[in-house]
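Enquirer: Annotated signal peptide per TrEMBL: 1-20, in sequence order. Per TrEMBL, domain 'Peptidase S53' is recorded for 199-596. Taken from TrEMBL, the feature active site, charge relay system applies to Glu274, Asp278, Ser496. As annotated by TrEMBL, Ca(2+) binding site applies to Asp538, Val539, Gly574, Asp576.
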Amino acid sequence: MRSSGLYTALLCSLATSTNAVVHEKLAAVPSGWHYLEDAGADHQVSLSIALARQNLDQLESKLKAVSTPGESQYGQWLDQEDVDSLFPVASDKAVVSWLRSANITHIARQGSLVNFATTVGKANELLGTTFAYYQNGYSRKLRTTEYSIPDDLIDSIDLISPTTFFGKENTSAGLAQRSYKLEGNHVAKRYNYSTCAEVITLSCLKEMYNFGNYTPSASSGSKVGFSSFLNESASYSDLAKFERLFNVPHQEFAVELINGGVNDQNSSTAELTEADIDAELLVGVSHPLPVTEFITAGTPPFIPDPDEPSASDNENEPYLQYYEYLLSKPNSALPNVISNSYGDDEQTVPEYYAKRVCNLIGLVGLRGISVLESSGDEGIGSGCRAGDGTNRTQFNPIFPATCPYVTAVGGTMSYAPEIAWEASSGGFSNYFERAWFQKEAVQNYLTHHITNETKHYYSQFANFSGRGFPDVAAHSYEPPYEVVWYGDRYGSGGTSAASPVFAGLIGMLNDARLRAGKPALGFLNPLFYSKGYKALTDVTLGQSTGCNGIDPQSDEAVPGAGVIPWAHWNATVGWDPVTGLGLPDFEKLRQLVLSF
């Protein structure tokens with residue numbers, strides 16, 4: 001049991017010096033995690049205070065103006081100085097004064113973050129909380145389930161982390177469970193498969209998505225990138241072997257390290273499966289466009305203190321530091337398209353944190369950068385329990401795919417025709433309302449493509465007024481993609497393969513526009529929902545499943561999972577919560593984006 005007496009004493013101590021308010025509070029510890037013990041008062045902890053951005057109530061209207069084709073401001077993307085001027089960060093003066101009043105002296109400003117290092121005892125007193133150690137499998141983290149801040153700092157502070165976000169330790173793809181070596185696995189002894197029905201190669205993708213006759217220019221200004229978290233880093237040697245395997249002219253990728261990220265090229269220690277798929281498919285699809293990998297670690301923020309904590313159980317969630325880093329750079333130093341293949345069950349991400357990150361992604365969109373996100377590989381859900389303490393059954397949407405400012409990429413399977421992949425995550429957000437750009441498309445689905453009986457039954461498990469996802473789709477699995485890991489040929493896939501494929505195609509569309517003197521496409525969703533859907537291939541066969549007590553990534557039973565009989569989403573005419581608006585047809589899209 002946790003020490004409730006200590007917590008009460010600390011909260012009273014905080015309240016005696018100021019009016020404290022609970023800023024974040026979890027109804028329950030996220031599924032899979034369990035309490036171990038309170039942290040010792042002398043243990044070190046490193047935290048980040050995210051200063052609030054002002055005027056975020058204007059973000060949606062600004063995005064509408066610059067990202068909706070036909071608007072007078074379409075394509076007039078902002079740069080770093082413009083965004084910082086329109087959405088200034090709150091002053092850190094009162095926050096720093098609050099820290100110093102608690103005798104915390106190791107403080108450093110990093111963009112819109114105020115980082116500080118202290119002892120657990122001081123942090124407990126400062127925030128009126130009790131930090132403790134929690135465990136999930138082999139992962140141990142220092143976290144708390146709630147914290148308070150002075151009420152006069154509410155307008156200055158968005159959140160403090162790492163506190164209530166526990167996160168998870170694997171990518172959204174669950175690649176290891178569904179991957180296998182291919183026959184004649186050494187790349188020098190490749191055996192050709194007879195059809196794309198057995199394995200998906202670059203030549204298959206060119207045929208499927210109609211981009212075989214287009215060659216982009218490395219000097220057009222179009223650039224693509226991908227994110228790597230959870231100690232992942234793409235292998236230079238695997239990419240080189242992949243290029244030889246598929247006759248792609250040699251191309252390397254740049255690497256930028258964020259928050260203590262490490263570019264591990266030692267095959268005996270590197271975690272590379274997810275990062276390799278991103279690099280190989282991005283380069284394979286969009287060659288010779290420049291590619292950058294952004295490796296973000298969860299290490300504590302830099303504090304000028306020799307006693308800075310560095311234990312893995314004090315790691316930060318990566319999304320916040322990642323997007324803050326991107327926003328700190330000028331447009332000229334950033335790619336036009338970024339693919340992300342990581343996600344968490346939305347209910348395990350604190351709402352303050354999710355909305356902060358989503359707003360940062362929206363600001364990135366204002367800069368003219370397209371952010372594509374894999375929708376996830378859990379179908380309708382895996383654990384299928386609510387995170388509000390009730391333990392009720394519910395569908396589990398995936399964040400950041402539920403953020404309206406990302407273009408969420410769902411998954412298909414099979415070949416000619418492609419049908420919905422049963423593990424493609426999709427549904428409706430419990431945090432974000434239905435986005436302005438998709439209201440008509442989602443309402444059409446709810447009115448015409450799901451029966452009233454089904455809608456009534458599902459309404460107890462899903463929030464039909466929430467943001468619907470995914471937005472688009474690409475091939476994910478069955479058959480698998482042919483990739484290179486650790487020097488050998490593997491079959492693998494998931495929506496985290498679909499995302500870089502789609503991102504590579506967007507990079508080529510940007511290439512076509514830039515060479516024609518037009519701006520990059522930037523935030524994509526208003527385009528796709530207003531007119532881009534006409535250049536997509538609608539997927540009307542297949543369905544996603546889930547909430548059956550089985551993890552679709554491992555095919556193993558999920559302890560304590562909620563079971564919802566008959567849970568599934570069908571692929572239908574128009575938008576649906578499995579494949580979104582459909583699959584890319586590059587040539588049709590190219591003609592479309594050159595017409596405005």
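Note: Cβ is positioned from N, Cα and C throughout, glycine not excepted.
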Enquirer: Which of the three DSSP states, helix, strand or coil, fits Asp576 (Ca(2+) binding site)?
Expert: strand
Enquirer: Checking the binding-site residues Asp538, Val539, Gly574, Asp576, which are within 10 Å of Ser496 (active site, charge relay system) at the Cα level?
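Expert: Neighbours among binding-site residues: none.
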Enquirer: Relative to the Cβ of Gly574 (Ca(2+) binding site), which residues of the same chain, six or more apart in sequence, are found under 8 Å away?
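Expert: In sequence order, Ala441, Asn444, Tyr445, His448, His449, Tyr533, Asp538, Leu581 meet the Cβ cut-off.
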Enquirer: Identify, among the recorded positions Glu274, Asp278, Asp538, Asp576, the residue whose Cβ has the fewest other Cβ atoms within 10 Å in this structure.
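Expert: Sparsest of the recorded positions Glu274, Asp278, Asp538, Asp576 by Cβ contacts within 10 Å: Asp538.
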Enquirer: How many Å separate the Cα atoms of Val539 (Ca(2+) binding site) and Asp278 (active site, charge relay system)?
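Expert: Distance (Cα to Cα, whole Å): 24 Å.
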Enquirer: I'm trying to understand the geometry here, so how far is the Cα atom of Asp278 (active site, charge relay system) from the Cα atom of Asp576 (Ca(2+) binding site), in Å to the nearest whole number?
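Expert: Distance between the two Cα atoms comes out at 26 Å.
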Enquirer: Across the domain 'Peptidase S53' (199-596), what is the average pLDDT of the model, as a whole number?
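Expert: Summing pLDDT over the domain 'Peptidase S53' (199-596) and dividing by its length gives 94.
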Enquirer: Please report the number of other Cβ atoms within 10 Å of the Cβ of Ser496 (active site, charge relay system).
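Expert: Other Cβ atoms found within 10 Å: 32.
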Enquirer: Excluding Asp538, Val539, Gly574, Asp576 themselves, which residues in that chain have a Cβ inside 8 Å of the centre of the Cβ atoms defining the Ca(2+) site?
Expert: Thr540, Ala571, Thr572, Val573, Trp575, Thr579, Gly580, Leu581, Gly582
Enquirer: Rounded to an integer, what is the Cα-Cα distance in Å between Asp576 (Ca(2+) binding site) and Glu274 (active site, charge relay system)?
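Expert: The Cα atom of Asp576 (Ca(2+) binding site) is 27 Å away from the Cα atom of Glu274 (active site, charge relay system).
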